[in-house]
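Beneath this line is the structure, given in structure tokens, with notes to follow.
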Amino acid sequence: MERMIAVIGGSGVYDIEGLEDARWQAVDSPWGKPSDEILTGTLDGVKMAFLPRHGRGHVHSPSTVPYRANIDALKRLGATDVVSVSACGSFREELAPGDFVVVDQFIDRTFAREKSFFGQGCVAHVSVAHPTCGRLSAHCLQASRDEGITIHQGGTYLAMEGPQFSTLAESKLYRENWGCDVIGMTNMPEAKLAREAELCYASIAMVTDYDCWHPDHDAVEVADIVKTLMGNAEKARAMVTRLPGLLGAHKPCEKGCDTALEYAMITAPEKRDPALVAKLDAVAGRVLNR
Ligand SMILES: CSC[C@H]1O[C@H](OP(=O)(O)O)[C@H](O)[C@@H]1O
Ligand SMILES: Nc1ncnc2[nH]cnc12
């Protein structure tokens, strides 16, 4: 199967450079309007797509990002691998602003978002025990190292609802009691939805600040974040340009992300809601139409 690498750009990352035959295109989804048009093209012979998570000009808040439409639209375009690049706060002294972290676990504290493509009339339960793709994550790690970026392998990302930053008590709870490494507002339910859509998902968290637990950093300010964000965005773009060479156009994923729905469906075929089944054509057509 031909692979397509999709990059979801977080705060500060509203485009990528160097694509051949680049064009922004609108993609319709039965799950609503994606955050923006999607930039498509090729890089080193590999198909690429780019979607700015908050839209160009940063229109969507973390709670109003249309996560389902975004993942569905990328799947519909033919994406097989989704790389999320996100700004985050750090809970560890050694994860300094400007550093990247290859996230491999999440604690999902979001509560005001649609979290699944499935529901009444078509129920499915996928595993998110290992919510990121080890193969794609390893390539992102390598690509970053090749670019000279300081990147840490593995970390737990606390997904908070926002849009306000954490209180001091929350920051200490997540860091000291829950063992989290970084904090952000967007990787959930995005990672869960990517798994439901049988897409490989990797999350690169780019540290912008120390949240508010740090004795030398009393409160998070967007102005401070933006200063670090610009440098991080440049590094993220550089990392992305190395990915096609590492992933290749046809190498399959051996981690099983592309068969996540194999045994997930539990609603009896005769009880399925045809309207929901129709909406699931891109996400779950592989298992629903056989
Ligand atoms: C601009 S700071 C807070 C904002 O930045 C992060 O967005 P993203 O994950 O899309 O890079 C964070 O999650 C908040 O949405
Ligand atoms: N400290 C923080 N908390 C939540 N989201 C963030 N994004 C960047 N910094 C953050």
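Backbone N, Cα and C atoms are what each Cβ position is placed from, and that goes for glycine too.
For 5-242, the entry in TrEMBL reads domain 'Nucleoside phosphorylase'.
Sequence-distant contacts (6 or more apart, same chain, Cβ under 8 Å) of THR186 (phosphate binding site) comprise GLY10, ARG53, PRO62, VAL65, SER84, SER86, ALA159. Marked as phosphate binding site by TrEMBL: SER11, ARG53, HIS54, SER86, ALA87, THR186.
What TrEMBL records for SER166 (among others) is site 'Important for substrate specificity'. All protein chains considered, the CB of SER166 (site 'Important for substrate specificity') has 21 other CB atoms within 10 Å.
In this structure, MET185 (substrate binding site) belongs to neither helix nor strand by DSSP; it is coil. Sequence-distant neighbours of MET185 (substrate binding site): residues of the same chain at least 6 apart with a C-beta under 8 Å from its C-beta are PRO62, THR110, ALA159, MET160, GLU161, GLY162, PRO163. Per TrEMBL, the feature substrate binding site maps to MET185, ASP209, TYR210, ASP211.
Annotation for VAL222 (site 'Important for substrate specificity'): no same-chain Cβ neighbours under 8 Å separated by at least 6 residues are found. Residues or ranges marked as site 'Important for substrate specificity' by TrEMBL: VAL222 (among others).
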Which number gives the other C-beta atoms within 10 angstroms of the C-beta of SER11 (phosphate binding site), all protein chains shown included? 25
Excluding SER11, ARG53, HIS54, SER86, ALA87, THR186, which residues of the same chain place their Cβ within 8 Å of the centroid of the Cβ atoms of the recorded phosphate site? GLY9, GLY10, GLY12, VAL13, PRO62, GLY184, MET185
Around the Cβ of ARG53 (phosphate binding site), other Cβ atoms found within 10 Å total 26
Around the Cβ of ASP209 (substrate binding site), the count of other Cβ atoms that are within 10 Å: 23
